[in-house]
Amino acid sequence: MEVKTSLLDNMIGVGDMVLLEPLTEDSFLENLKNRFDHNEIYTYIGSVVISLNPYRSLPIYTPEKVEEYRNRNFYELSPHIFALADEAYRSLRDQDKDQCILITGESGAGKTEASKLVMSYVAAVCGKGQEVNKVKEQLLQSNPVLEAFGNAKTVRNDNSSRFGKYMDIEFDFKGDPLGGVISNYLLEKSRVVKQPRGERNFHIFYQLLSGSSDDTLKKLKLDRDVGKYNYLSLDSAVVSGLDDAANFRTVRNAMQIVGFMEDEMQSVLELVAAVLKLGNIEFKPESRCNGIDESRVKDKNDLKEMCELLGIEQSVLERAFSYRTVEAKMEKVSTTLNVAQAYYARDALAKNLYSRLFSWLITRINGSIKAQAKTRHKVMGVLDIYGFEIFEQQDNSFEQFIINYCNEKLQQIFIELTLREEQEEYIREGIEWTNIEYFNNAIICDLIENNKNGILAMLDEECLRPGTVTDETFLDKLNTVCAEHQHFESRLSKNSKFLTDHSLPHNCFRIQHYAGKVLYGVESFVDKNNDLLYRDLSQAMYKANHSLIKQLFPEGNPAKVNLKRPPTAGFQFKASVGTLMGNLQTKNPNYIRCIKPNDKKASHVFTESLVRHQLRYLGLMENVRVRRAGYAFRQPYEPCLERYKMLCKKTWPHWRGPAREGVEVLLTDLQVPAEEFSYGRSKIFIRNPRTLFFLEEKRKQCLEDLATLIQKIYRGWKCRSHFLLLKKSQIVVAAWYRRYSQQKKYQKIKSATTVVQSYARGWQARKLLRELKYQKRCEEAATTIAAYWHGTQVRREYRKFFRANAGKKIYNFTIQRIMQKYFVGLKNNMPSMSPVDKSWPARPYLFLDGAHAALRRIFHLWRCKKYRSQFTEEKKAVYEEKLEASELFKDKKALYPSSVSQPFKGDYLEINKNPKFQKLNSALDDKVLLADVVSKINRANGKGSARIFLLTKKSVVLADQKTGQVKASVVLSDLASVSVSTQTDGFFALRLKEGTASAVKGDFLLSSEHLIEIITKLHRVGAANADKEKINVDISDEFLVQFKHDKVCVKFIQGSPKNGNNASCKRKNNRLLEVSVPNTPSTPSTP
């Protein structure tokens, strides 16, 4: 990537407007447009940065860019806001000079983003450490909080700051941040109660409704629907690109980082909710007997909820909305409020409540981020304030008047500080100072702020005057006092030119500001300046039990009643501006002028008329003229000599002497007129931009010549290097070729030799083969002849013996071969080792029938023995139980087939391992053979209750499932029989012998999912004990059960139980329990 080493390198347009030639408004505008079209949004006017809002993200704020501008000279790289931030930070850190960065521009020009970029750059380049990082994070996180409560969507900007902010960031001697202090100016609190069409109220209202949880909204007595609140506009409730819910979470997180406690955040949200509720309070007129109209609250529900939020008695606040108490000396007069006055009181309370909450937030943030150390701090101030505002016709009101007054003061201090900076540099460099002609706007500032006949003083005087005070009386006073002033115009003043100027309507006055003429409508000037809140409302607020309200309305304390009229809004703002100007005078200023390229918030759109308008009221042309009034360009000798040394043979390529002498030699050799430059102590000063461009043009030509020379030398070197490489390569190629040629020749000779050798060896081998074959045939012929001869001799000797025994031997041989074939076939077709496999190979011959059957029986017995030898004792016991279950239930109980595939586990509750049943386990004497949960059927209603069923070798135990307490214990010898049905249910009855101790409470009717296993184990335990009688198992769909003294019949029927596929028991009468079993298709039993 190409790295610029100077502002003048590869410049798009002119990077510094001081060097613009010719300097006209059109050329100024064209240069800005040219740079904007090439994504160059920053341009300099000397040390002032002009910033155009690109309305899109640009890759020029990355960490790499931060490092690129870090510790670099201001003019060393292309214009950037980081260059100004770095220059201010280094001056503060290294030269111990307090700095201030003034950011101005109209709404939507990018002032807030510019202040964020400055703060993020300073945070990135200053020191590290846990405490330092905490301070930096708190300073940065204060922005989201202030934006939520102080910013709103306007027609010009979706995130417009509706207050002026000045932050002093405090640093220690190392340049590490220690803390900060924030000051705010003129919050637009009228926006709380009314917003222009297409605009929204402050962000926090919409964020609260969108991002809060349902529980939080319930506590705040709010509804998520924006349309239910009169103070919130509906036409712009949703803004494209703004996620209010996500922003609310960001604000809460930022408040936690800054240091807000949870109860403080809840109190703040309660006040915000109270403002919304306040806007829904409406009034109706009510006539009294004396004919005076007074106001009453229409629907008291919102008033009640608001009072509950703030802890105020409803009657106190309701009275404050209906009556006003006026105190004069020792007298108190109570007057009723009509409907219009009640609405005015309601809105005044809402505006004051919100503005005081905003001021408290800033005070609370300052308490968290303020530096704790007592030593002297270095300070960098960042001012983000409204730019000059000019609306259409009479839309300019009191707010625009005091905003423009503030900008007049900023313009005044800018000119003074710029001239002072120029003068100090001239004196420092030993250059003669000449007075610079410029427009001094002190006369305009005096017109506004003069203590005797200034506009603000007359407005305050009119507000304090007894009698009827209106906006028209205020305008009449202006016409009287300011009629002769050359920068004031109205229809009745001498400067209005009424006969020819028809653009000046009634109830208006016009001021000639430094940025142009602005027409102000006097409507609401008096009310907005008064900014009155009735004392009754202040006292009602002070009576609240809310922790925050008492702090916001201290004047409501009855013990501290002050009859003195509170200062007006204009007086307060004038005092704040005076303090701000005094603060800025003590610091070294740095300026960022923000410009909005279009009104559509669209990228790549440059509206010339809009930008031209901003150029005028920002006074940028005036800035350039002041800067160019002396010397347009100045540069230290070292970089100047380094840049232009190739223009003179004496200084090229290296100058051995001092840099100043080298520059003198250079300019003398170039024959630059002496009046075009001056030598300072450390810098060269160039008067006219044409001289600088002359040097740049000469440098450009020289660089082209040098580039041509470098290209010539490089091409010669490249050709020589290429020739030497070719020569060296030719030698290598020739050597490799000769080697390759000899290798090929050798390979041919070797191949020919191999062929000849192969033919010779082949002929010898074939000759030897023929000899060996002939020898072998002779030997085989001799052997054959001998064999035939010996055979003939043997046949002659044994012929008569063979004929006598041939039949018997042939028979035995045949039988032997048949048996051998039979056994081999049997071996190859042997069935599997499973005892249930009944397959057996077919009998091949009839005479083998007996042996075939015997072998089949022997193989089956052997196979069964091998299968039985694999069983463990436990597995044998399981199969014995399964076999006994088959004998008991096969083809008798419909539930049996489904139990065949289920293993008998026995202890389903793991009673020995489960600590819950430790006490129950210790109460048993014998080993538990079966533990399961069963249902004990209640005779009264047929419902079951869960019981633990335990079976030992001696007894059956029933215990409570939850507590483990033994409910019943039956000795097996007392058990007469067990009764079950033939169907798929799990019901069984334990029938006890009459007269035994266990039979006192009667028989037990139980239900279990493991019925087959329970009955089988009971039967096996009874059969295993020789001293006990065998337990009978009765299988019937109807049997009798003894319940204490009564016998009850249990009858099983096919039906549809209420609980689905499970059997259900229902009491029919005192003698009958009916069990409904679901209809299921019969399942064939498994053997």
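Glycine residues also receive a Cβ, built from the backbone N, Cα and C atoms like all the rest.
Per TrEMBL, these features apply:
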DOMAIN    12-700  domain 'Myosin motor'
BINDING   G105, E106, S107, G108, A109, G110, K111, T112  ATP binding site
REGION    577-599  region 'Actin-binding'
DOMAIN    893-1079  domain 'TH1'
Among S107, T112 [binding-site residues], residue with fewest other Cβ within 10 Å: S107
Nonlocal residues around G105 (ATP binding site), in sequence order (Cβ under 8 Å, 6 or more apart): S51, K111, G387, R593, C594, I595, K596, Q614, L618
Output field, ATP shell: CB within 8 Å of site CB centroid, site G105, E106, S107, G108, A109, G110, K111, T112 dropped: N53, N157, S160, S161, G387, C594, K596
The region 'Actin-binding' (577-599): DSSP-derived helix, strand, coil residue counts: 9 helix, 8 strand, 6 coil
Neighbour count (Cβ, 10 Å) for E106 (ATP binding site): 23
K111 (ATP binding site) CB neighbourhood, other CB atoms within 10 A: 28
Mean of the pLDDT scores, which run from 0 to 100, over the region 'Actin-binding' (577-599): 87
Under 8 Å by Cβ from A109 (ATP binding site), counting only residues of that chain that are 6 or more apart: S51, N53, G387, C594, I595, K596, Q614
For G110 (ATP binding site), the number of other Cβ atoms found within 10 Å of its own Cβ: 23
